[in-house]
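Visitor: Below is the structure I would like to discuss, written out as structure tokens.
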Amino acid sequence: MAAVKTPVIVVPVIDRPPSETFPNVHEHINDQKFDDVKDNEVMPEKRNVVVVKDDPDHYKDYAFIQWTGGNIRNDDKYTHFFSGFCNTMCTEETKRNIARHLALWDSNFFTELENKKVEYVVIVENDNVIEDITFLRPVLKAMHDKKIDILQMREIITGNKVKTELVMDKNHTIFTYTGGYDVSLSAYIIRVTTALNIVDEIIKSGGLSSGFYFEIARIENEMKINRQILDNAAKYVEHDPRLVAEHRFENMKPNFWSRIGTAAAKRYPGVMYAFTTPLISFFGLFDINVIGLIVILFIMFMLIFNVKSKLLWFLTGTFVTAFI
């Protein structure tokens with residue numbers, strides 16, 4: 001009997017074809033196999049069902065989608081996802097990335113999935129790489145059996161954890177641990193009804209403030225949501241910080257420092273990703289990242305100690321125009 005496909009949704013955070021998130025499976029899927037879904041659209045009918053018994057590679061289990069809705073640059077209708085404070089002080093990148101996910105959860109697409117009794121959706125931002133998706137089938141079954149609402153597939157905090165067996169078979173040994181404030185939307189599997197309930201609660205509460213991850217954790221506690229984090233997640237979903245770091249430098253005003261930063265991102269991706277991470281918005285006028293904060297602190301140091309070096313002030317000025 002034909003079964004409803006599980007959607008695998010690629011969320012664009014950089015300029016990159018969706019098939020590059022799955023680099024080793026071009027014989028199965030390519031860019032033409034991805035259906036673009038925008039705001040107010042639903043899944044194309046032709047990809048709703050499939051016979052899965054004869055597919056050892058598992059790719060026929062899924063409907064591959066690229067989500068193109070939730071773009072706050074093109075529309076201000078997503079401001080209700082954020083409080084007035086966050087609309088002023090949260091960085092554009094933070095709001096843009098969160099809005100893409102919340103708009104997806106709040107979309108006609110998810111409502112249709114609920115009506116069609118689709119239980120789970122796999123969501124992956126396109127700065128990740130998944131080389132082998134065969135782990136998804138046993139994971140989805142285990143999530144159903146163990147009543148897991150969200151499986152986060154990117155680890156934020158490392159250290160000792162109390163791990164629980166999720167899948168144990170001849171091909172996969174997978175463990176998880178319970179999530180806390182270490183929330184990430186980079187890659188995850190979510191129950192459709194859970195996504196709808198979370199976004200409904202966010203809207204009813206007046207939108208997210210600057211403490212997004214604390215608020216999501218609070219909502220999870222209040223709604224008794226079971227969020228697990230995939231142990232050793234990088235084995236299954238590889239996040240490439242170089243892609244985002246390069247994207248940030250490419251979107252800066254072209255100058256000497258942006259070219260230096262782009263080159264440095266290739267050699268030191270983790271460091272440059274951290275340095276270019278936006279921290280706060282200055283009343284919506286511009287965002288301040290880690291490098292910008294260091295520059296501001298350095299300017300305060302020079303003012304306090306009355307530094308008169310013209311060279312230092314010149315170099316500081318070039319940093320200000322580049323990173324703030």
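Placed from the backbone N, Cα and C atoms, the Cβ positions cover glycine too.
Under the heading topological domain 'Virion surface', Swiss-Prot lists 1-284. Residues or ranges marked as transmembrane segment in Swiss-Prot: 285-305. The topological domain 'Intravirion' feature in Swiss-Prot is assigned to 306-324.
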Visitor: Taking a Cβ cut-off under 8 Å, which residues six or more beyond the ends of the topological domain 'Intravirion' (306-324) line up next to it in the same chain?
Guide: 252-253, 255-258, 286, 288-289, 291-292, 295-296, 298-299
Visitor: Just to confirm my parser: what is the rounded mean pLDDT across the topological domain 'Intravirion' (306-324)?
Guide: 78
Visitor: Please count the residues of the topological domain 'Intravirion' (306-324) that DSSP assigns to helix (H, G, I), strand (E, B) and coil.
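Guide: Output for the topological domain 'Intravirion' (306-324) reads 14 helix, 0 strand, 5 coil.
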